[in-house]
Amino acid sequence: MNPRQGYSLSGYYTHPFQGYEHRQLRYQQPGPGSSPSSFLLKQIEFLKGQLPEAPVIGKQTPSLPPSLPGLRPRFPVLLASSTRGRQVDIRGVPRGVHLRSQGLQRGFQHPSPRGRSLPQRGVDCLSSHFQELSIYQDQEQRILKFLEELGEGKATTAHDLSGKLGTPKKEINRVLYSLAKKGKLQKEAGTPPLWKIAVSTQAWNQHSGVVRPDGHSQGAPNSDPSLEPEDRNSTSVSEDLLEPFIAVSAQAWNQHSGVVRPDSHSQGSPNSDPGLEPEDSNSTSALEDPLEFLDMAEIKEKICDYLFNVSDSSALNLAKNIGLTKARDINAVLIDMERQGDVYRQGTTPPIWHLTDKKRERMQIKRNTNSVPETAPAAIPETKRNAEFLTCNIPTSNASNNMVTTEKVENGQEPVIKLENRQEARPEPARLKPPVHYNGPSKAGYVDFENGQWATDDIPDDLNSIRAAPGEFRAIMEMPSFYSHGLPRCSPYKKLTECQLKNPISGLLEYAQFASQTCEFNMIEQSGPPHEPRFKFQVVINGREFPPAEAGSKKVAKQDAAMKAMTILLEEAKAKDSGKSEESSHYSTEKESEKTAESQTPTPSATSFFSGKSPVTTLLECMHKLGNSCEFRLLSKEGPAHEPKFQYCVAVGAQTFPSVSAPSKKVAKQMAAEEAMKALHGEATNSMASDNQPEGMISESLDNLESMMPNKVRKIGELVRYLNTNPVGGLLEYARSHGFAAEFKLVDQSGPPHEPKFVYQAKVGGRWFPAVCAHSKKQGKQEAADAALRVLIGENEKAERMGFTEVTPVTGASLRRTMLLLSRSPEAQPKTLPLTGSTFHDQIAMLSHRCFNTLTNSFQPSLLGRKILAAIIMKKDSEDMGVVVSLGTGNRCVKGDSLSLKGETVNDCHAEIISRRGFIRFLYSELMKYNSQTAKDSIFEPAKGGEKLQIKKTVSFHLYISTAPCGDGALFDKSCSDRAMESTESRHYPVFENPKQGKLRTKVENGEGTIPVESSDIVPTWDGIRLGERLRTMSCSDKILRWNVLGLQGALLTHFLQPIYLKSVTLGYLFSQGHLTRAICCRVTRDGSAFEDGLRHPFIVNHPKVGRVSIYDSKRQSGKTKETSVNWCLADGYDLEILDGTRGTVDGPRNELSRVSKKNIFLLFKKLCSFRYRRDLLRLSYGEAKKAARDYETAKNYFKKGLKDMGYGNWISKPQEEKNFYLCPV
C-alpha cells in the first residue's frame, strides 16, 4: 500500500552543513510535565522544518500512519534527503511557493482542501503568515556563521570569505551588502573593505540567550542537546517569514514564565508589547522596501496631511517629509491617488502634486469635525486592546497581580486576555504590514493545545457568522462623535453655508438629511427635438415646491434647481439667525411662494428664449441677425481627469458676459449661452423701459427676443459677412435670417462627358435669380448662390441708401441712375454710418464692399468665386463718411509672352495695384476739372511756389485690402494675428525677429505667392523673357512701401502734383500690426532716421494708421482665385472693366486695350499736358516723360539704393524696352 501523499514513514534528512545524517527522527512530545521552554523550541524547530510533526502539550501522540482516517496533524511535513530529490509537502501552503535547498527547487503538491474556517483571527493570521513561508538554503546564514566564529570585533574581507566558503566573490559581495543594509553586518573603511558582525546583533544574541555562537540555547533548560547549532541556525526556512511566528511563540512563553526581554521590560509589564520584538528584530530589519514598514492607507494619509498644509510639493520632497528617502518610493501611491481623484499634478519635469479641491474640502470638514470638543470616551478595556495583536492559546496560570491571566477557551473561541491592576497606559505599538487574509475556508486545521487533541471536522455554531476583531465593534456599532446627541448641533444657516460649498445636489441632499426632511427632484416638462432636448426640474422638500429650472440635460437642470432651492433656504435661515420677526419671515415665505407660482407659469418672454432650440443655437441666430461675431471662450480647466470642470464665457465684440462652470464643454457652452441671452434680454427690457413705453408694449415686445433684435441695423454686417463666407452657406443664412426658403435647381445639363456644363439657378422665397453655367455641380451651386446674394444685398443696400421702405427690382436703367446719383451728388451720401458701434476700419471696409456689391450685383457670372478686393476711399473732412474713388480685384500677373512694347498690357493685376491705377485715373479726372473759379469745390489747392498743386489738408485717402498684401506683409502664421481694436494710438511697433524678415520678394508668374529676390544684380532683358526667362514682378508689400516713400501719384503726375500719401491701411483678414507695419513702411527706418534724412523735400517716409475689421472674421477659403480682375474709379460712373490677369487685356475674344494700361494712362497725361500748356512734355516717350520728373527720379534711385544697402535686396524692374513707346501729339 502506497503511503498517502504528504506523509512519509522514513523521514530521512541530510543537512547541508553537517557531515552526518540523522538516521532517526526524534518524536519526543512534551508531556504534561514538560518544560514550556522545551515545547517552545520544539515549536520553533517544527516551524523551521526540522521536525516532521507539530508538538502538542499535555498528551503523547505517536506519529500516525497515513492509513488512519479521520485525524490528521495540522502541518504534516515530509522531509526527504536532498540527494534523492524527494518532495517536501507542507499542508496549507498555496501553489507557487517552492522550497529551495542546495540549489534544487521542489514544488509543493497542493492537497485537496477540506473546507474549514479558522476558529479565530489570531490563528488565521498565523496560518496566513505560514502560507507565505519560503524554505531555502541561503548564503546569508553561512556568512553570518563564519563571521560569528571569528570572534567579537574581528573582521575579514570578501576575498577571504569567497575562498573559505567556495563561493564566487560577486555573490559574496551581493550578500554582504544585503546584510549590511539589514543592519546585521558592519562595514569598515579600507581597501578592500572589512566586514564584521554588527555590534547591535551581537549584543542582542548574547543578551537574549536564545542562540549562542556555540549553538546552545541560553534560555531553554530542556532543549534538545542533540541538535547542534548548525541544525538550528543553518535552517532552510526564511528568517524573514518565520520571525512573526517566532515572536508569537516567544511572546506566549514569556507571558507564561515572565522572562525578561532585552528592552528591560518584563513581558507581563504594563509597557510590554506582545506583538512585536525590539527594533533589532529581523522581522523589520530584513525588509528592504520602505513601503513594507507602513500601511498603504497610512502613507496616503501622510501624503494628504502634508499636501493639506503646504498646498503643493514634488514627489521627492513628499517622500522625505513622510519618512521615506526616494521619490520612486511613493510614485506608485501618488498615481493611485490621482486615479482616485485625491491629488493631481502639474508640469512634467518633475511634476508638482496638489490636493484636489474636493479632497481638500473633505479634509477640512473632517478637521473641523474633529476640532469640536468631544465628551471623554469610555476607557477601552485592555482585553480589546490586546486582541488587536497576534496571540497564541497558552495554558492558564495564576501568577502575581502583574502577570497576564487568560481564561480557558474552547476550540474555535476567541482568547480573551485579562490584564489586572494595570494603571500605566501602554504606548501605541509599531505597525507592521497587515497580513494577507484569504477569503474562504482555510487550508490548515486548528489545534487545541490545552486539551492536547487534534481539531475535528465539527464547526461550532458561533463560526457560522461573520465575526470581526473586538477592536472593530466600537467603530462599527458606536455612533460617530459628531452624531452624538450629547453634542450641540450646528445651526441650519451654518449647515447650509457648508453645503453651499459642495455640489448643489449633494449639498441639498445633505442638508435635507441634516434637517430630517425628504428631498425629491421632479421632472415637470421635457421639450425640444431629440438631438437638442430641454428638461425642466423642480425641487420638492417635505411637500414644499421650489422654483423650477430648465437646461439642456437632466444633470444641469437638477443642479440649477438645487441651486435655486439652496438660495431660498439660505435666505430664510439667515433671516432667522438675524432675529427678524415672525411676520417678516412669514411675509418673505409668502413672497417666495408667489415667485414659485409665477415661475411655474412663466411668461412668454421667459420661454421664448429657447423654445424648441438650444441656447447656443438661439444665441448664434440672434448674433447673425445683429451682424456681430459670437465667441465662446474657455477660461480655465480644473479638476482631475475623471471629474473636470470647464469655465466658459460668451464674448460678443468687446462685451463679455458672466462666466459659468460645468463638468463638460457642451454643458458649459449651453450655460454660458443662457447667461448671455438673459443679459441681452435684461438690456433690451431696460432700454425699452427707459423709452417710457407702456407696460403692455414692453411685454408685447419681449414676447420674442428675435423680433426685437432685427430692429437693430444688421444689413451692413450681413453684407460683409456673407461676401466673405462660402456662397452657398451665405445665401442659406441670408434666407433663414429673413424667413425665406432657399433652394438650388439644375436647369440644364449639356456637353460631352469629359467637359460637361451644368446650368444652375437659385430660388429664394419663391423668387428665381439669374442662371449660371459651370463645369461641375458644386461650382454651379456656388456661382448661383453668389449671383443671388449679390442681387439681394445690392437691392437692400440701394433701398437703405435712398431711404426706400420696400425693395424694388433693379434694372440696368435704375442701376445707371443710382450710380450716377451716388457718384455725382454728395447730398445723396448718408452722413452717418448705419452700423452702430462700428470702428473706423469697419466703416472703411463697409464702404468698399458696399460699392463693389452695388456695381456687380447684376453683372455677369465671371465675377463670381473667391476674390481679393482693394479700394481707396476719400474723406473730405474728419466727419465725412467717405466715398470710394477707386477699387479693384485680382490676384494674377501677366505671362512673359504677353508683354507689349507699346504699353498695351497691364503687367500686374493684383487688387492693390489695380486700385492704385484706378486712383491715378481719378486724379487725372479731378485735375482736368480744376480751375481757379471752382477751386473751392476741388480737392486740390496750390502748393507753395505756385507751380504745382497739392491735396487739401482736410482731404485724406484710405486703402482697404480684404487680406494681407502679398510679400513681406503676409509672412506670418495665424497665431500671430491681432484682434481688432479701436485705438487712437498711431505708433507702429514693427517686428524684426530674424534677418529674413523685410527682404524684397517677387510674385510668381501665372500663379499665386511670392519668392525672395536673389542677392546678385538682376537686369531683366526683353529677349531673355521672351525666350523663357522668368518674369519678375515686385510684391504688393514692396510696392506699398514705395508708395509710402514716393507717393501714390507716380512719376508722370509729379509734374503737376506734390506727393500724395495714404492716411490709413485697413485689412479684412490676416492682420498683424508688427508684420504689416514692418512691410509697408518701418523697414526703411529700422536703423533709425538716416534714410529719411537723406530724402529730399517734399518726399518723406509715411507711416499710415493700420487696423483690421472687427464686425466679421473671415475664414480661410481653399482653392485658387479666378484669373479675372475688375477695375473701377469714380470717374467711370457705372462702367466696370473686367481684365484677364494672365494676359493683361480686357477679358474677351478681341483682347481690347485696358483703360488702366500704360498706353491709356500716358494718353491721359498727354491730354493734361495740353490742358496745362506743358508743351515740353508732349514730344517725350513714356520712359522719357517719367525720367523728366527729376525730383521723383532722384528719390526713386535713392529708395532703391537704400534697400540694397540695408540688405533687403535689389529692386527688379521690367525691361527698359517696354517703356520706349511714343504717342502721337494730342
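Glycine is no exception: its Cβ is also placed from the backbone N, Cα and C atoms.
What Swiss-Prot records for 133-199 is domain 'Z-binding 1'. Averaged across the domain 'Z-binding 1' (133-199), pLDDT for the predicted model comes to 81.
Swiss-Prot lists 208-238 (among others) with the feature region 'Disordered'.
What Swiss-Prot lists as region 'Disordered' is 258-286 (among others).
Residues or ranges marked as phosphoserine in Swiss-Prot (evidence: similarity to another entry): S285 (among others).
According to Swiss-Prot, the feature domain 'Z-binding 2' maps to 293-357, an assignment based on sequence analysis. Taken residue by residue, the domain 'Z-binding 2' (293-357) breaks down under DSSP into 35 helix, 11 strand, 19 coil.
Annotated phosphoserine per Swiss-Prot: S481 (among others), in sequence order, evidence recorded as a large-scale study or a structure entry.
What Swiss-Prot lists as domain 'DRBM 1' is 503-571.
As annotated by Swiss-Prot, region 'Disordered' applies to 574-610 (among others).
Residues annotated as phosphothreonine in Swiss-Prot: T601 (among others).
Among the features that Swiss-Prot reports, phosphothreonine is placed at T603 (among others), with the record citing a large-scale study or a structure entry.
The domain 'DRBM 2' feature in Swiss-Prot is assigned to 614-682.
Secondary structure from DSSP puts S614 (phosphoserine) in coil. The annotation phosphoserine is assigned in Swiss-Prot to S614 (among others) on the grounds of a large-scale study or a structure entry.
For S629 (phosphoserine), the Cβ neighbour count at a 10 Å cut-off comes to 17, with all displayed protein chains included. Residues annotated as phosphoserine in Swiss-Prot: S629 (among others).
S636 (phosphoserine) carries a strand DSSP state (E or B). A simple way to gauge crowding: the CB of S636 (phosphoserine) has 10 other CB atoms within 10 angstroms, across all the protein chains here. The phosphoserine annotation in Swiss-Prot covers S636 (among others), and the record cites a large-scale study or a structure entry as its basis.
Here Swiss-Prot flags 726-794 as domain 'DRBM 3'.
Per Swiss-Prot, phosphothreonine is recorded for T808 (among others).
Among the binding-site residues C966, C1036, the residue whose Cβ has the fewest other Cβ atoms within 10 Å is C966. The number of other Cβ atoms within 10 Å of the Cβ belonging to H910 (Zn(2+) binding site), over all protein chains shown, comes to 27. Ranked by Cα separation from S636 (phosphoserine), the binding-site residues H910, C966, C1036 are led by C966. Ranked by CA distance from S614 (phosphoserine), the recorded positions S629, H910, C966, C1036 have S629 at the top as the closest. Excluding H910, C966, C1036, which define the Zn(2+) site, the same chain contributes N891, D908, A911, E912, I913, P965, G967, K1003, T1010, S1035, S1037, K1039 within 8 Å (Cβ to the Cβ centroid), listed in sequence order.
The helix, strand and coil residue counts that DSSP assigns across the domain 'DRBM 3' (726-794) are 29 helix, 22 strand, 18 coil. Broken down by DSSP into helix, strand and coil, the domain 'Z-binding 1' (133-199) contains 35 helix, 10 strand, 22 coil. A C-beta separation below 8 Å, combined with a sequence spacing of at least six in one chain, links E912 (active site, proton donor) to A870, G888, L959, I961, P965, C1036, K1039, I1040. There are 21 other Cβ atoms within 10 Å of the Cβ belonging to S614 (phosphoserine). In this structure the alpha carbons, written CA, of S629 (phosphoserine) and C966 (Zn(2+) binding site) are 27 Å apart. Counting residues per DSSP class in helix, strand and coil order gives 29 helix, 22 strand, 18 coil for the domain 'DRBM 1' (503-571).
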